Amino acid sequence: MNSDDDSVFNDDLNDSEITNLIHNIPSSSSSCSSSKNKLQRNLYGEIIPEQYVEIDSSKGYTELPPTHHALNYENLSSYIYPTNFEVRDYQFNIVQRAFYDNLLVALPTGLGKTFIASTVMLNFTRWFPRGKIIFMAPTKPLVAQQIKACCGITGIPTSEVAILLDKSRRNRADIWDSKTVFFTTPQVVENDLTAGIIDPKEVVLLVIDEAHKSKGNYAYNNVVKFITRFNISFRILALTATPASDVEGVQEIIDNLSISKVEVRTEQSIDITKYMKQKKIERVTVSPSVEICELVDMLCTAIQPVLSMANERRIYDMSDPSKINAFQVIDASQRLLKNPTIPEGLKWQNYFILQILNVVGQALRRLNIYGIKSFYNYFDQKHKEFTIKFKNKKSNNQTAARFYFHDNIKLILDKCKELIADDNFLGHPKLEILINELDEFFKENEANDSRVIIFTEFRESALDIVSSIERIGSNLRPHIFIGQSKEKEKFDEEAYLSKGKKGRTKGKATKGKQNSETPERSTSRTSSEDAQIKGMNQKLQKDLIKKFKKGEYNILVATSIGEEGLDIGEVDLIVCYDSTSSPIKNIQRMGRTGRKRDGKVLLLFAGNEESKFDKAMAGYEFIQQHIMNGRLITLAQSNRIIPKSYKPIVEKKFIEIPEENTEIKAEEDEDEIIRIATSYMNNKGKKVTKSKSKSKSNSKSKKIEKRFFMPDNVTTGFQNVTSMVRKADSDKSVADKRREKDLLDKLLDSDTEDELLIQSKKSPVKENQSKRPNSEHICEEDSRQETENNSNESNGSFENENDQNKESGVSYPLSYRQTPPKLGIRRLSPQVSMNINLDAPVATEEAAPLVTGKSTSPPENVAEKRNSPILNSSNRECAPKQKTLGLKRRKANSITDQLKRHYSRVIKPNTAYRTITVSDDEKSVEDSINNQQLHKNKNLGSTSDDDDAFDEGDVFDDGMDDELALIANDKLSSFERSLSPNLPAQNNASDEVYKHEFSPGEGVLNQEQMLELYTSYFSLLDPADRVDFYDPLNFNQKPNTSINHRGRIGHSQVSRRLLQSSKFIGSVSTTTAKNIVKRYAQTYNTTNHQHNMHIVQEITNSSSK
């Protein structure tokens, strides 16, 4: 063993250290802090060099090399921070962090989230001149606001800005290729990514507005997932005022957007309090009126039997009818339907019971929070729908019938009709307090041209508020502000009864009648009433906001449409007519005031609204604090895209806004902002008139070709095998092509075996030829050499060679002298000349006798060329390529043919072969040629097909030929020798068979082994787990009272009878008991089981007596 082998076993670790390493146990000398400095060793115990650095598993990712984006290194040394506005500390800090992390920014409304995004976008345009910067907003109005803010704050040139809001634009690919900054919606980006119009590798910055929408399958998530598949070297900046109402929601946003850092500020944060305007929050708790209490009592009395039935069936737990909650009932219904253990009939009975409770829960909520009018509009529709269906036998729900036909229900509806008929009646005390607050507010702020927004959840409630203010308020100009959807169709008794009687004709006529009456009704309705029925599209919403800003309306009664996403303007008073359990909605409502001047918020509470509001806000503040402290959430990891050697230094600078950007900044209309920016985009920074833009847009554009963003140099689409082979051939070198061409030529059936042999012997020449640049040069060189040979040698060279062959007794057929043209790839036509005087003529088979006459002269254009004293290469013709007939399948010879081939290798004295003393090369060539000629002649004389002929070198030599030769010579093969070891071995070598003898006691266990086996498989039982049986022959045995009877095993029939007998023995005297047992022992028979049973039966009978 050498010194290197010795060093393997000279490990400096002891056994305990090795054990700790195997089980990954830290040693006592090392601490947890030094775990990163562990030495890595290979299988031989050697320390691995230091280039193997341990990756910190806590990171969960590998840091990648610098970004693939093109960088402007001159600008990378600094970043610009605009001083056009007040420099705020929190904005300055957030901008710096956005350069290095995927950032989620949560700021209250009005604190400059857009300024942060604009500053980051400005610097990314300086650093990454070819990168794509995308600003996404969920709605078109928000996109217009961001265009105005970004172009007006940072002065990004409009020539580099693109606005993509129309999905049907034909020149989208040209816009994506020519621009760098894009303002669009996430749906447009998602469609263009999937269509292959955008190259995701070019995206360097993604700004997401209203990031709290990044949940579920929203387009924001799909865009980020798609880009991340091809590009991880880009930054994400997510902006929102309220990330989520719970920890799970915040974590979902972080996971979907790959957020690596969160920046959260609240109104109580130290660094933003000095920038916050004063916002006064006033709470008013309203008690229900007498009318509302009476209606609640009557409704509770009517629903009590249904509620009791639900409690008995344990499908709803609440027993107080006045506290029925519709949301809890819906949750119970869903759990009921998902329960597979309940029979279907019972399941649907319980479901219909819960549906009745759901209607009552919704009615109570409307009555307690919104008033009698909202309650009546909802409950009257439900009552009318069921009663008509039940009377027409469309419904057979007896439980619902007992509720809707209850006496109190009729009293409730009649009382509501009576109250609503009064024009001065206000459905809820909230309305009275609201109108008084509005009157006082406008009186105090009459000179300030103030605005008010009132938020409510239901459209009916919004219309009720507008109607009440218009009737009672003075100098109050309210209008409803709702979404685009139409009012839900109410139950129409006439349409329902006519349905199915006369088919669709009646329905169409009724619909046409309603449409004809619509213009007459619209003239009598107010603008708010008409909007409540038809809904408000974006055009109506925009017109209303304009009128609100101008002062035509000073009060907007809005649903959730006004909570976010619209630039409504400065509002001095926010009234929350109702409150929700969502803190996001509450914060967005209150954030509409106090932006540029002080504001006020009025919260109106009724019932349990105040407790829900406090609970929601307290939970939100708790979550915000933990997010700011970095707890309760798990952040993602992101790689740097700015090289580590660069750390940009701030350069505070006043940004000069270009003229075209000033025009966008001064515009208030959102559609006009988009039109101006689009015109600059289409004309590279030059604004044009509408007529020119229309004429230009009408020009036909090229069809967009879909791009597949695969790895570089990847061919897409379907391809046949031929095209793939051709492409592979085009990538090969000339030498590889020549080698492959020669290999294919060998496989062609049109080639003769002698040509293959000669070319195989001329491999050095082929290697030199493969180094030629192309085949044309080779042909030119060959022709030049042929010309030289023709000039140096005489014209009778072929005749001289034939004379020499005659003298030596060697002659070759015509195929060796001149190869006729064949189908297939161009081949060289070699010639062979044996310039050696042999002792005797070489023998051939009978089918091919020696040719002693003159051989046919070669063609005139063929010259002789000798490269060695044995072989003379032939002239090569550069003939044009011809199509081949393809490859022929070769068949392997049978065993008989292989035997014959094997015998042909052995040269015997009685054969036609004679030993010739020549050199090794000459002998190998000669033997090969003779064997091939013999084989060819044999095939010519036989009836077998030419396909049976194949080159000997192509046959795999598995040693069978030698075995068969031994068999033919009456000799034992090695296999037979192994089966017959007693026979005398040849060459004094015999195979030894492994012998093994077994001792007589082999496989029998001794006592020690038996004990070990027993103790391995059996263990002692705990005394508490033992089961003891009573022995009737042992009179000294006492019952074990400590035994736990939980594991008792049942007795057999004989044992049970013995135990019964033992009770009798214990009751008699000792002498009598001994006699009975003695009798049993004397008469016990080991073979007669029936006799023993008889004795036991006698003892038992005697004991019973």
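Just so it is clear, glycine is given a Cβ too, placed from its N, Cα and C backbone atoms.
The predicted model assigns the domain 'Helicase ATP-binding' (94-261) a mean pLDDT of 89. Under the heading domain 'Helicase ATP-binding', Swiss-Prot lists 94-261.
The ATP binding site annotation in Swiss-Prot covers LEU107, PRO108, THR109, GLY110, LEU111, GLY112, LYS113, THR114. DSSP assigns THR109 (ATP binding site) to coil in the three-state reduction, outside any helix or strand. All chains included, 16 other C-beta atoms sit within 10 angstroms of the C-beta of THR109 (ATP binding site).
Under the heading motif 'DEAH box', Swiss-Prot lists 209-212, citing sequence analysis as support.
Per Swiss-Prot, domain 'Helicase C-terminal' is recorded for 468-641, and the stated evidence type is sequence analysis.
Per Swiss-Prot, region 'Disordered' is recorded for 493-534 (among others).
The compositional bias 'Basic residues' annotation in Swiss-Prot covers 499-511 (among others).
Annotation source Swiss-Prot lists compositional bias 'Basic and acidic residues' at 518-532 (among others).
Residues annotated as compositional bias 'Basic residues' in Swiss-Prot: 684-705 (among others).
Per Swiss-Prot, region 'Disordered' is recorded for 684-708 (among others).
Residues or ranges marked as region 'Disordered' in Swiss-Prot: 758-824 (among others).
If you look up Swiss-Prot, you'll see 764-787 (among others) marked as compositional bias 'Basic and acidic residues'.
Under the heading compositional bias 'Low complexity', Swiss-Prot lists 788-799.
The feature region 'Disordered' is assigned by Swiss-Prot to 850-880 (among others).
The region 'Disordered' feature in Swiss-Prot is assigned to 918-953 (among others).
The compositional bias 'Polar residues' annotation in Swiss-Prot covers 927-943.
Residues or ranges marked as compositional bias 'Acidic residues' by Swiss-Prot: 944-953.
Ranking the binding-site residues PRO108, GLY110 by the number of CB atoms within 10 A of their own CB puts PRO108 at the top.
Neighbour density for LEU107 (ATP binding site): within 10 A of its CB lie 21 other CB atoms from the protein chains shown.
Across the motif 'DEAH box' (209-212), DSSP classifies residues as 2 helix, 0 strand, 2 coil.
For the binding-site residues LEU111, GLY112, LYS113, THR114, the greatest number of Cβ atoms within 10 Å around a candidate Cβ is found at LYS113. The ATP site, placed at the center of the C-beta atoms of LEU107, PRO108, THR109, GLY110, LEU111, GLY112, LYS113, THR114, has further neighbours from the same chain whose C-beta lies within 8 angstroms: ALA241.
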